[in-house]
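Below you'll find the structure, written out as structure tokens, and then a few comments.
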């Protein structure tokens, strides 16, 4: 084998910066969450703030996130909120970086596809540059979308995917694939400590009400008394993970020894018609279910193989769909001003 083809072992991780050692040498763990004002990010903040030795810094541009998700922590001495776009460098001192920043809903990433891919590529480069400078460990929330419209079911981490590189979803799908590449290149070339989570469909309180994702769509429609709009043919499947389970998986990955990628998701699989019927039964039995045209490149099936998460992280989801939907319904009722009869 030619020398240029040989596998190169990763360099040892860089030492923390002199500034980190001199100014912040203390027992507290300083943790940055990019996109921390968003749905999953804000729940991650809540969990990390339970540990009194954690100082949590959130950087968010509020494109899809909201200060309301973090209002309980604003003014807390161990919490800091920075209005910042990750496509610009960020100069702070931290020990860990959870890199969540990126629009994850088709409505948002199709609205500004160039911004979406810049966030995935330039934003990830900036977060990796920060990790390199300060010697921080960095976790990327990648996505099940890297598998595209999968030809293998369920999807293990070893599957390379079936992605359309020029479709309307490509800014997100391919952007996350590039972000994963950058993570491993920085790991191999610079010794950065990396973790990659491939997260599957997640639901729960604080989801954007009109973000175009199927669970939030159905619950909002049911509460408004509107027909549930199921994209044809309705037999396409998804797997839904409750947000508390997702946060638990991300934290276990960050604190563990495996770089990933590791699938984090609930392997319970439902067709879109089954999901609509469940939401109808639980929230508003009087509404109709209406079939509408599908969007291009919509995957026919999606289900995580979580064997690796079980073996490496000791993680598997606990909350069943019928347990999680009422918790999300309660949050949506409050925000929509719809009272139970």
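Every residue gets a Cβ built from N, Cα and C, even glycine.
Per Swiss-Prot, the feature active site, proton acceptor maps to 172; the stated evidence is similarity to another entry. Within 10 Å of the C-beta atom of residue 172 (active site, proton acceptor) sit 25 other C-beta atoms, taking all shown protein chains into account. In this structure, residue 172 (active site, proton acceptor) is part of a helix by DSSP.
Among the features that Swiss-Prot reports, NAD(+) binding site is placed at 60-85, 172-176, 213. All protein chains included, residue 68 (NAD(+) binding site) registers 11 other Cβ atoms within 10 Å of its own Cβ.
As annotated by Swiss-Prot, substrate binding site applies to 169, 201, 214-218, 231-238, 298-302, with the evidence given as similarity to another entry.
Per Swiss-Prot, region 'Disordered' is recorded for 1-21.
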Position of peak Cβ density within 10 Å, selected from the binding-site residues 60, 80, 174, 298: 60
Residue 60 (NAD(+) binding site) - helix vs strand vs coil (DSSP): strand
Which listed residue (76, 169) has most other Cβ within 10 Å, given these are binding-site residues: 169
From binding-site residues 64, 72, 76, 84, 218, the one whose Cα lies nearest residue 172 (active site, proton acceptor): 64
Rounded inter-Cα distance in Å - residue 218 (substrate binding site), residue 64 (NAD(+) binding site): 19
Other C-beta atoms that fall within 10 angstroms of the C-beta of residue 215 (substrate binding site): 21
